[in-house]
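The NAD(+) binding site annotation in Swiss-Prot covers ASP73, GLY74, ASN147, GLU148, HIS158, ARG175, ASP177, THR188, ALA189, TYR190, SER191, LEU192, SER193, GLN247 and is backed by sequence analysis. Sequence annotations record features per position, and here Swiss-Prot assigns active site, proton acceptor to ASP73 based on sequence analysis.
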Amino acid sequence: MNKRFESIGLVGHPRHPAALATHEMLFHWLTGKGYPVIVERQIARDLKLQHALTGTLADIGQQADLAVVVGGDGNMLGAARILARYDVDVIGVNRGNLGFLTDLDPDNAKQQLSCVLEGEYSRERRFLLEVKVCRDGQMHRRSTAINEVVLHPGKVAHMIEFEVYINDTFAFSQRSDGLIISTPTGSTAYSLSAGGPILAPTLDAIALVPMFPHTLSARPLVIDSNSKIHLRFSHFSNELEISCDSQIALPIQQGEEVIVQRSPFYLSLIHPKDYSYFNTLSSKLGWSKKLF
C-alpha cells in the first residue's frame with residue numbers, strides 16, 4: 001500500500017487565467033478536505049490568498065509530502081530541478097502543450113488527484129544530470145538538468161569543434177552546431193527533434209545526440225548513465241554556452257572544459273494508477289493505433 005500524503009505544496013508560474021484558476025480551485029479544494037497546503041509565494045500574491053501558508057520552492061521541498069505543479073513541462077522542469085534536492089514527491093497538472101511530465105487533466109484534476117491522495121498511484125525515480133564548467137581542474141560554474149544538457153553557440157550560429165571523452169577515454173571529435181546530452185526523461189524533448197532515440201524512463205542510460213554534424217557518419221550514441229562525459233574545445237573566437245533544460249545558460253570561455261555526469265539527485269515523479277508510458281507516447285506523438 002502506498003503512503004498517504006499529509007501536506008501538499010502548490011507550484012507553478014501561471015501565464016494565463018486558466019492556469020491561475022486551476023491553482024485557485026486546487027487550493028480551496030485541498031484546504032476544504034483538511035490538507036495543510038503551502039503555496040508558492042508568487043501564486044499566493046496573484047490569487048490574493050492573504051491567509052495562506054506560503055513559501056519558496058525550497059520551503060515546499062522541505063515541508064510538503066507532495067508538490068502539485070500546475071502548468072506545462074517547462075514549469076515542471078523549473079520546479080523539479082529544485083524539488084529534486086528534497087524528499088518530496090511531485091505530480092503535474094497539464095496546462096501546457098504536450099505534457100509528457102504533467103499527467104493530470106485539468107478538467108478532471110480533482111478526481112484524479114483524489115485517487116492519488118488515497119494512495120492509488122505509482123512512483124518513478126528520474127535521474128538528473130549535473131554539468132560543471134571547469135578551468136585547470138577547478139569548477140567555476142555548475143547546474144543540473146532533468147531533460148538535457150546542450151552545448152551550442154552563443155548568440156550567433158556557427159560550427160563548433162570539440163572532443164568528447166567518456167570515462168577519461170577519447171570517444172570522438174566533432175564539427176557540428178552542438179551536442180545534446182539527454183536523460184531518458186529528455187529523450188522525448190529536444191533530443192527527439194534532433195533525431196535522437198527514445199529511451200524508456202527506467203533505463204540507466206544517457207544519449208549523446210549531434211546537432212547538424214558536418215559528416216554523414218555521426219550518429220546518436222547511448223552510454224551507461226554512470227559515465228562521465230568530458231567536452232574539450234579547440235581555440236574558439238565566438239561564444240559557446242551550455243544550456244540546461246533550455247532554461248539555464250552557462251557561458252564557456254577560452255580555456256574552459258565541460259564535465260557532465262549523473263547527479264546524485266532524483267525527481268520522484270508520481271503518476272495516476274492507470275498511467276502507461278507507452279500510451280502517453282502514442283497519444284502525445286500521434287502514433288498509429290492497434291491494428292487488431
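Numbers run from 1 along the shown chain.
Using the three backbone atoms N, Cα and C, a Cβ is placed for every residue, glycine included.
Swiss-Prot feature annotations superimposed on the structure.
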{"residue": "ASP73", "record": "NAD(+) binding site", "Cβ neighbours (10 Å)": "24"}
{"residue": "ASN147", "record": "NAD(+) binding site", "Cβ neighbours (10 Å)": "31"}
{"residue": "HIS158", "record": "NAD(+) binding site", "Cβ neighbours (10 Å)": "14"}
{"residue": "ASP177", "record": "NAD(+) binding site", "Cβ neighbours (10 Å)": "17"}
{"residue": "ALA189", "record": "NAD(+) binding site", "Cβ neighbours (10 Å)": "23"}
{"residue": "SER191", "record": "NAD(+) binding site", "Cβ neighbours (10 Å)": "26"}
{"residue": "SER193", "record": "NAD(+) binding site", "Cβ neighbours (10 Å)": "11"}
Specify the secondary structure state of SER193 (NAD(+) binding site) as given by DSSP, simplified to three classes. helix
Max Cα distance spanning ASP73, GLY74, ASN147, GLU148, HIS158, ARG175, ASP177, THR188, ALA189, TYR190, SER191, LEU192, SER193, GLN247 (NAD(+) binders), Å? 31
